[in-house]
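Input: a single structure, listed below in structure tokens.
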2 protein chains.
Amino acid sequence: MKKRRINPSQRIAVGYAALAVLGALMLILPISHGTSLHIVDAFFTSASALFVTGLSSVSPQTFTPFGYFVIAALIQIGGIGVTFISTSFYLLIGRKISLGDRRMLAEERNSSLPGIVRLFRKVVIFSFSIEAVGALAFSLHLHVQYGYSWLRAFGFGCFHAVSAFNNAGFDIWTNNMESFTHDPFMLLLTALLIILGGIGFVVLVELYEFPRQRQLSLHVRIVLGMTALLLVIGTLLILLFEWNKSMANLSWPYKILNAFFSSTVTRTAGFDSVPISNMQEVTWLIMIFLMFIGAAPGSTGGGIKVTTFFLIIKTTMATIRGRAQIVAGKRQIPWELAQKSMLIAILGITVVLVCTLIDAIVEPSIPIIKIIFEEVSAYGTVGLTTGITGSIDSSMKWVLIFTMYLGRIGIFTFLLSLVQRSQSRVQYVQERILIG
Amino acid sequence: MKKRRINPSQRIAVGYAALAVLGALMLILPISHGTSLHIVDAFFTSASALFVTGLSSVSPQTFTPFGYFVIAALIQIGGIGVTFISTSFYLLIGRKISLGDRRMLAEERNSSLPGIVRLFRKVVIFSFSIEAVGALAFSLHLHVQYGYSWLRAFGFGCFHAVSAFNNAGFDIWTNNMESFTHDPFMLLLTALLIILGGIGFVVLVELYEFPRQRQLSLHVRIVLGMTALLLVIGTLLILLFEWNKSMANLSWPYKILNAFFSSTVTRTAGFDSVPISNMQEVTWLIMIFLMFIGAAPGSTGGGIKVTTFFLIIKTTMATIRGRAQIVAGKRQIPWELAQKSMLIAILGITVVLVCTLIDAIVEPSIPIIKIIFEEVSAYGTVGLTTGITGSIDSSMKWVLIFTMYLGRIGIFTFLLSLVQRSQSRVQYVQERILIG
Ligand SMILES: [K+]
Ligand SMILES: [K+]
């Protein structure tokens with residue numbers, strides 16, 4: 001028998017699982033929590049932080065400041081980790097994807113190890129800089145506007161900035177961000193951090209260098225375009241369905257502000273300024289759709305990614321119009337990528353459906369739409385909830401932990417870690433079958 | 001400007017729409033209905049019959065025997081029409097797909113018009129023969145077992161056989177087939193007709209010729225395998241979730257019988273022996289999944305088709321395992337087909353989501369899962385319902401009519417009828433983007 005080698009996918013799959021266990025062990029320590037903490041909730045919180053999801057199965061008051069430090073550390077590791085891994089995957093395994101990458105790689109072409117170190121340093125610097133600015137602004141605002149003590153304002157400000165930029169969406173105010181419904185500063189700054197975190201490292205670098213380079217790669221243009229488009233569509237649809245419902249008691253500028261915020265958090269931060277449980281089922285459906293699409297690749301956000309969604313639309317249009325090439329921004333996109341994008345969507349739907357089915361067995365009394373919402377939220381590492389997370393059975397919590405794990409490392413990576421890839425040497429005769 | 005030519009897709013799209021209008025006009029005639037009939041319900045019934053869906057917005061007692069004759073005629077035209085069109089599409093436009101086809105085409109290779117006429121005659125003969133046997137058996141059974149007069153038994157028997165073989169699922173008993181919960185003969189014979197209608201003409205021909213030819217094409221083997229697999233999975237899942245729920249008062253052999261029947265009707269006949277409204281939401285979800293997949297191509301059934309689903313699974317596995325060819329039954333399936341299969345699934349999901357959204361605007365009080373069920377049922381031309389069809393607003397009825405239309409002519413055909421296919425002469429530079 002041939003000896004199996006450990007491939008990068010296996011390393012990621014095992015590494016993330018090990019980190020989640022480590023985090024859970026840290027949270028189980030008495031120093032981390034004030035009230036009692038069940039083991040499944042320790043795992044749930046650790047997974048939810050590391051996989052930057054933000055679903056909470058326990059009240060925010062459960063954890064001590066040290067506990068929150070552990071959570072913030074897990075979020076930071078999760079956010080930087082996934083940004084670094086997914087970016088380096090594309091940059092350093094010969095899959096150069098944009099002008100920006102080529103520029104970044106130009107200097108380190110001949111040495112791959114220093115290249116990785118330099119990339120990692122760059123990711124860390126970018127993340128910490130943006131978070132620091134956010135943390136400072138939040139701290140000042142919480143101190144001045146809400147009268148928090150400096151220490152408390154700083155603690156909350158730092159945690160919230162990390163939570164927002166890494167699209168973690170963890171709740172530290174017990175009612176999430178529902179106290180800030182009428183606070184444009186908090187909501188817009190949070191939204192900005194979420195969007196910056198969600199467009200991805202490659203895009204941030206190119207934007208940063210834009211004043212000098214004066215050009216954007218196809219990838220960056222697609223990410224920016226799709227992000228803007230989905231934000232606007234989400235805002236409009238939420239306004240349409242919630243104007244006289246969950247947002248009935250807000251004046252129209254605040255309706256727009258909160259609809260925009262609610263649309264932003266689906267990409268995939270998971271804060272809420274208006275309770276999701278007050279919204280209509282059809283709004284849940286819209287959010288399920290937006291959460292499933294998620295953020296940009298190589299970012300702290302989850303979902304199948306905006307570029308995947310873009311490619312699915314483009315492929316559909318090209319096929320219907322009988323075109324032999326998929327064209328975007330005067331560039332041709334390889335069919336192999338188109339095929340992978342459709343596959344990612346179908347795999348995602350499969351995971352959500354299967355997990356929903358298992359949940360329905362253990363929690364027969366919860367309306368199925370709430371279970372689907374929760375599963376998509378977990379798979380997209382979003383963290384929005386219709387309010388069931390606190391009261392579900394521990395078996396459903398384990399299913400959600402697994403869904404978050406799959407959503408974060410990517411179902412593709414997970415499956416690649418399980419199978420041995422190989423080329424079959426037999427060449428078969430081609431035969432068509434009838435389909436749809 | 002170049003003059004546009006009418007392509008086959010446009011002919012099908014317009015032809016089906018025109019037939020639906022004609023059917024509606026026939027049903028509006030006073031001779032067709034006893035009680036009053038709203039115009040939207042005439043269109044709904046006509047579309048539901050022609051597109052062999054079987055959703056009813058009015059009570060079965062609305063129509064006179066003549067009205068039922070019109071409905072049966074529409075079902076027959078719809079069933080034979082789609083079988084003929086989709087089979088001839090593949091056989092006569094140079095896309096030979098199986099051993100059976102090649103045999104069938106061997107004699108008419110040089111003349112395409114007689115070939116089409118012969119194919120049409122063959123489809124009609126096959127359909128009528130199977131329906132005749134079914135009608136006879138149902139008539140006898142209804143007369144002997146239930147004491148129907150000969151005339152009534154014959155009328156009901158013929159209608160039911162046509163309705164079953166064409167996967168129409170129209171209700172003539174006011175409570176659908178819920179009176180036959182304990183009648184294995186009715187349920188199993190109906191299931192047999194549904195399955196024969198749903199595996200498709202090409203498969204029927206090959207099975208018919210199997211004793212002589214002793215071989216089955218890849219297409220036929222896939223259809224038979226997937227149909228059996230989905231029937232079994234559906235039966236088991238329905239048993240799992242309904243054993244102590246909607247089927248609690250049945251003894252275990254009848255639980256199995258009715259679970260099998262409930263599984264069969266999702267492929268895509270739409271009768272029910274146990275009310276769908278009594279079932280659990282998770283069972284609805286399973287049925288949504290099964291209805292979406294539907295029956296075999298070139299059959300009277302709907303959905304994205306079992307072969308499409310099969311190809312999606314195969315493509316997924318091939319991509320994950322890094323294989324360059326998609327292999328099934330020692331044959332290679334072209335990637336182009338694989339791509340189309342994923343596209344069909346994604347287009348179907350899109351149609352269902354968009355229509356659900358529109359429905360939710362006009363019917364905000366109906367639980368979203370019921371709307372999704374209804375839309376998938378319409379798109380898959382299934383006709384199962386959680387019980388809302390009779391009470392919905394007429395605007396939702398129009399949406400459902402459109403969904404049935406799309407489901408029957410195929411979203412692909414519909415889109416092809418709208419766009420001008422052309423090859424772009426510009427060759428663009430290739431550029432990769434990051435996805436999922
Ligand atoms: K999140
Ligand atoms: K049907």
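Any Cβ shown, glycine's included, is placed from N, Cα and C.
TrEMBL does not curate its annotations; it predicts them automatically.
Quick look at what TrEMBL annotates:
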{"type": "TRANSMEM", "residues": "A:12-31", "note": "transmembrane segment"}
{"type": "TRANSMEM", "residues": "A:66-93", "note": "transmembrane segment"}
{"type": "TRANSMEM", "residues": "A:123-144", "note": "transmembrane segment"}
{"type": "TRANSMEM", "residues": "A:185-208", "note": "transmembrane segment"}
{"type": "TRANSMEM", "residues": "A:220-241", "note": "transmembrane segment"}
{"type": "TRANSMEM", "residues": "A:284-313", "note": "transmembrane segment"}
{"type": "TRANSMEM", "residues": "A:341-362", "note": "transmembrane segment"}
{"type": "TRANSMEM", "residues": "A:398-419", "note": "transmembrane segment"}
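Outside the transmembrane segment (A:185-208) by six or more residues, the chain places 79, 83-84, 87, 97-101, 104, 122-123, 126, 130-131, 134, 137-138, 141, 145, 160-161, 164-167, 177, 216-217, 219-220, 223-224, 227, 231, 257-258, 260-261, 264-265, 267-269, 271, 273, 295-301 with a CB less than 8 A from a CB of the stretch. Distant neighbours of the transmembrane segment (A:398-419): 7, 9-10, 12-14, 16-17, 20, 40, 43-44, 47-48, 50-53, 55, 78, 82, 302-303, 343-344, 347-348, 351-352, 355, 358-359, 362, 374-375, 378-381, 389, 392; these residues of the same chain sit at least 6 beyond its ends, with a Cβ under 8 Å from one of its Cβ atoms. Beyond the transmembrane segment (A:12-31), the same-chain residues lying 6 or more positions past its ends with a Cβ under 8 Å from any Cβ of the stretch are 37, 39, 42-43, 45-47, 49-51, 63-64, 66-67, 70-71, 74, 77, 81, 85, 401, 405, 408-409, 413-414, 417.
Residues 51-53, 78-79, 82-83, 86-87, 90, 165-168, 197-203, 219, 222-223, 225-227, 230, 234, 237-238, 241, 262-263, 266-269, 276, 326, 328, 333, 337-338, 341-342, 344-345, 348, 352, 369-370, 372-373, 376-377, 379-382, 384, 386, 407-408 of the same chain lie 6 or more positions beyond the ends of the transmembrane segment (A:284-313) yet place their CB under 8 Å from a CB of it. Sequence-distant contacts of the transmembrane segment (A:341-362) (same chain, at least 6 residues past either end, Cβ-Cβ under 8 Å): 292, 304-305, 307-309, 311-312, 315, 368, 371-372, 374-376, 378-379, 393, 395-396, 399-400, 402-403, 406-407, 411-412, 415.
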